[in-house]
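Chemist: Before I ask anything, let me first share the structure, which is written out below as structure tokens.
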Amino acid sequence: MVKPPPAPAPGREAAEARRAPAALRRGAFITLCFGAFFFLPDSSKHKRFDLGLEDVLIPHVDTSKGGKNLGGFLIHGQGHDEHRHREEEERLRNKIRADHEKALEEAKEKLKKSRDEIQAEIQTEKNKVVQELKKKDSKPLPPVPLPNLIGINSGEPADPDIREKRNKIKEMMKHAWDNYRQYGWGHNELKPIARKGHSTNIFGNSQMGATIVDALDTLYIMGLHDEFREGQEWIDKNLDFSVNSEVSVFEVNIRFIGGLLAAYYLSGQEVFKIKAVQLAGKLLPAFNTPTGIPWAMVNLKSGVGRNWGWASAGSSILAEFGTLHMEFVHLSYLTGDPVYYNKVMHIRKLLQKMDRPNGLYPNYLNPRTGRWGQHHTSVGGLGDSFYEYLLKAWLMSDKMDTEARKMYDDAIEAIEKHLIRKSNGGLTFIGEWKNGHLERKMGHLTCFAGGMFALGADGSRDDKAGHYLQLGAEIAHTCHESYDRTTLKLGPEAFKFDGGVEAVAVRQNEKYYILRPEVIETYWYMWRFTHDPKYRQWGWEATQAIDKYCRVSGGFSGVKDVYSSSPTYDDVQQSFFLAETLKYLYLLFSNDDLLPLDNWVFNTEAHPLPVLHLANTTLSGNPAYR
């Protein structure tokens, strides 16, 4: 407990209050006098450099040849210029004396002012410095040709039933946004029942408007342009990264940098690009580790980084340092500065050199020693998006980054060999490797992998495209079962495959649903690649369940038990509900010409970034890009 300061002696407060102006003036006088001394022009800068060579080399001009320079040099003695040097030194002494007297006069003038006037002047100077720093941060970026952007204003389905469902999802987005706008504006997230702002430690202690940034591209593709402009105006006027706040590098990258870049590409508004680059500069100090593997958290003001206390012996997390590539490549593309690209390529090169137990990547890596931490491998939390970004690095490079594709293929082969199993009931699931054995449990987060397998099917080695599309379908089916076997028809956070229990949560702390998108994400990818109508049917079931059980008058809330007919709410409207869940549902009921996958790659927060075709890239250093 923090002890209070000791109480002042009787009468001391009053005496000190009387002495304060005088003390302030004396302090100001001393400070200004010292300032006058220390900020005088440094006469050493004007002195001749005496290196023991008393003579000066001057060009030799032979006047007998018409004054032409013959290209030689004469040694000119010190005595010739001694008088000139004395004059120069005298002039400097006079200037220093005058500057000194001027500074003392200014100090005397300061002492005539009241404490309030002095404080006002100090604040004015502070404000000037802040404005200068902001101008420096807002320097214009070099013009870069935008990639060919296709399919940002289309997707209207012809079928009136599908169109009605899509409009319902748009209405849900408007309900979520309008309530955030009314009750949580500027806060990171919303508490829809308490009707006030909400935040978590991933955003630090500052209000950075995470929901605004995360939702922008969803608003745009839904045609909610008034709401989009509201968000843009807030970002332009209020989004400030010079705050004393410790944030998650991973979360801020995927939500903020990803969201700002997507908003820039969709709308062409420069403010989003400028803000993304400003924020990226604040994240770079996180990479100042002995290995170049970034810290999990960084203070945006001081640049000091650290790792989560719970992560294996101070380790960084695979899914965090391995989920920067897409955004950082685009930052280098837009700025022409290779620093971002070099940071993520350094991580890749380091990982390529390391031994991998059973070909699997452990979830923990120590940024000080460069050694793996606890041997725990997961395609769910702690590991998931690392594998996703290997595949998407290849897709985003117009399939030129073959190094990333090879790493993805190698990793997926090891995952299939060691982690993917079939249950007794015939359900394909992805377990977790812990302490040398397979845990037969799958998380909601892992359900994204069905979509990943489908997305990576084309281009897979040994002509196994059909196999991976089928694997994606099997994962989608298992994850649908995890929804269908609950009372609310919403999926739990994690579910087991032990004995007679299949695709069902066992522990109470795994029965919650927090508006997560991963199952719906897989439905959408499977719909795009197969057009099997069951994926739209399953997506509509989820839409109805969310609207029935998670909707409240103040927005949408997660629920604590999907097996209860009268669940309690967690009272959080997550920013990813607007960024991902509602976006994937909207795309599921849109035509394929809205954000076509040949032209767009979605980051792990569902923010679409354009494919960088080889002719447009300004990257170098990776043979795959050259």
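For all residues, glycine too, the Cβ spot is worked out from N, Cα and C.
Values in this document were obtained by computation on a predicted structure and should not be read as measured data.
In case it helps, TrEMBL gives these features for our protein:
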type: ACT_SITE; residues: Glu251; note: active site, proton donor
type: ACT_SITE; residues: Asp384; note: active site
type: ACT_SITE; residues: Glu493; note: active site, proton donor
type: ACT_SITE; residues: Glu518; note: active site
type: BINDING; residues: Thr604; note: Ca(2+) binding site
type: DISULFID; residues: Cys447-Cys479; note: disulfide bond
type: REGION; residues: 132-161; note: region 'Disordered'
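Map the listed features onto the structure and describe their local environment.
Modeler: Cβ neighbours within 10 Å of Asp384 (active site), excluding its own Cβ and spanning all shown chains: 25.
All protein chains considered, the CB of Glu493 (active site, proton donor) has 20 other CB atoms within 10 Å.
Cβ contacts within 10 Å of Glu518 (active site), excluding its own Cβ and spanning all protein chains shown: 23.
Applying an 8 A CB threshold to same-chain residues 6+ apart, the list for Thr604 (Ca(2+) binding site) reads Ile254, Gly258, Thr323, Asp384, Ser385, Glu388, Tyr389.
All protein chains considered, the CB of Cys447 (disulfide bond) has 30 other CB atoms within 10 Å.
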Chemist: Using a 10 Å cut-off on CB atoms, tell me which of the recorded positions Glu251, Cys479 is the least crowded.
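Modeler: Each of the recorded positions Glu251, Cys479 was scored; lowest Cβ tally within 10 Å is Glu251.
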Chemist: Find the one among the recorded positions Glu251, Cys447, Cys479, Glu493 whose C-alpha lies closest to that of Glu518 (active site).
Modeler: Cys447
Chemist: List the recorded positions among Cys447, Cys479, Glu493 whose C-alpha is within 10 Å of the C-alpha of Glu251 (active site, proton donor), in sequence order, or say none.
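Modeler: Checking Cα-Cα distances against Glu251 (active site, proton donor), none of the recorded positions falls within 10 Å.
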Chemist: Reported as an integer number of Å, what is the Cα distance between Cys447 (disulfide bond) and Glu493 (active site, proton donor)?
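Modeler: With distance taken Cα to Cα, Glu493 (active site, proton donor) is 10 Å from Cys447 (disulfide bond).
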